[in-house]
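Peer 1: The annotation compositional bias 'Low complexity' is assigned in Swiss-Prot to 1-13, 20-33. Taken from Swiss-Prot, the feature domain 'IF rod' covers 103-411. What Swiss-Prot lists as region 'Disordered' is 1-33. Taken from Swiss-Prot, the feature region 'Head' applies to 2-95. Feature annotation from Swiss-Prot assigns region 'Coil 1A' to 96-131. The region 'Linker 1' annotation in Swiss-Prot covers 132-153. The annotation region 'Coil 1B' is assigned in Swiss-Prot to 154-245. Sequence annotations record features per position, and here Swiss-Prot assigns region 'Linker 12' to 246-268. Annotated region 'Coil 2' per Swiss-Prot: 269-407, in sequence order. Look at Swiss-Prot and you will find 408-466 tagged as region 'Tail'. As annotated by Swiss-Prot, site 'Stutter' applies to Phe351, with the evidence given as similarity to another entry.
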Amino acid sequence: MSTRSVSSSSYRRMFGGSGTSSRPSSNRSYVTTSTRTYSLGSALRPSTSRSLYSSSPGGAYVTRSSAVRLRSSMPGVRLLQDSVDFSLADAINTEFKNTRTNEKVELQELNDRFANYIDKVRFLEQQNKILLAELEQLKGQGKSRLGDLYEEEMRELRRQVDQLTNDKARVEVERDNLAEDIMRLREKLQEEMLQREEAESTLQSFRQDVDNASLARLDLERKVESLQEEIAFLKKLHDEEIQELQAQIQEQHVQIDVDVSKPDLTAALRDVRQQYESVAAKNLQEAEEWYKSKFADLSEAANRNNDALRQAKQESNEYRRQVQSLTCEVDALKGTNESLERQMREMEENFALEAANYQDTIGRLQDEIQNMKEEMARHLREYQDLLNVKMALDIEIATYRKLLEGEESRISLPLPNFSSLNLRETNLESLPLVDTHSKRTLLIKTVETRDGQVINETSQHHDDLE
């Protein structure tokens, strides 16, 4: 039938294929119109209707619908909108009844199809609501959540970077202080080593002096021994001379007794002996004094050298202990410096690794933000496509509603199950009066839309008489 061909062809243009599938279009809207007129007579049937569309730069679509070919055996008879003249019922033949029956079937099919359209529109509206809710959720929660996470992560990264920077500065200050301490200790070590060398050289000179003093003491001891031997020899010689002199004196005394006239030799010998004894005593005293003075000088020099040697040994031991303690301290400072440098290198490596990880995290978050933006854009495009489909469906439903209302007003008969469609309110479009002459009417209707709004609508009629 013609109405079925109109609805089927327009549905295929809208959704493609059967009536259960849909194909959204983002840039096109479709408008289909159909006019149906009837002529009373032996053959009252609607002519086939075709819908053609073409795109124009202004977004206008032209729908052509051929008018109903009317054949009438009763010219001048018209169907009114409010009532039906039942006096002409006898003139309606069996073909008209069949046509009415077919029209009822077609209207019932249109009713079912409209119900399917309404269900689909409701489903699409629900999908639109779901998408709008998701879009609002993405706009609200997604942005705030990602922004908060990003800001929190950036604050944590900045805090860690500041902490690592402070730790690095503190470690560098400690390293500089330790380097200064090491330089100061090295200088002190050099000074101590110089003092040690000076002390060792002084000790070496003292040792040479001690050796010289020892040699001098040995020489003096030998001289003392030789002098003592000489003194003993002189004493022995003196005693022998005294004995000889005493013997001579005794002999002379005897001679004196015999010869009184001889001179007094005893007094002369006594004088000589006294002179020799005084000379010997003087020499012995001088030798003892010289020996004592020399021994005292040597003892004093030895004691002085021993004190200097002992002091030098004590200083050497003290310097050795200081050198050992400083060496241990330098080794400890070297170990501490090495450990600090190793810790600093590890901290720098960890800092570089954490910075790289944070950069990766920032890149990943930026990628997620970009993906969310792309997903939001995709949802917006899908929502726009669904809005375009819904608008096209609304236009087609309005067109079918106008057709049905025109048919209802023409035949002035209630349609079965038509109240269950819950159609939206639209303005009724009155059908033009059709002459009973046999003619073909070509209706060209141009509808211009922009952003889903109808901005211009024109119609042109072309009549071709048969």
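The backbone N, Cα and C atoms fix where each Cβ goes, and this holds for glycine too.
Note that the structure is predicted; figures quoted are calculated from it, not measured.
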Peer 1: Including all protein chains shown, what's the count of other C-beta atoms within 10 A of the C-beta of Phe351 (site 'Stutter')?
Peer 2: 16
Peer 1: Please compute the mean pLDDT of the model over the region 'Linker 1' (132-153).
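Peer 2: Mean model confidence (pLDDT) across the region 'Linker 1' (132-153) is 73.
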Peer 1: What is the number of residues in the region 'Coil 1A' (96-131) that are helix, strand and coil, as DSSP sees it?
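Peer 2: The counts are 36 helix, 0 strand, 0 coil.
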Peer 1: Just to be sure I understand, if DSSP states are collapsed into helix, strand and coil, how many residues of the region 'Coil 1B' (154-245) fall in each?
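Peer 2: Taking each residue of the region 'Coil 1B' (154-245) in turn, the totals are 92 helix, 0 strand, 0 coil.
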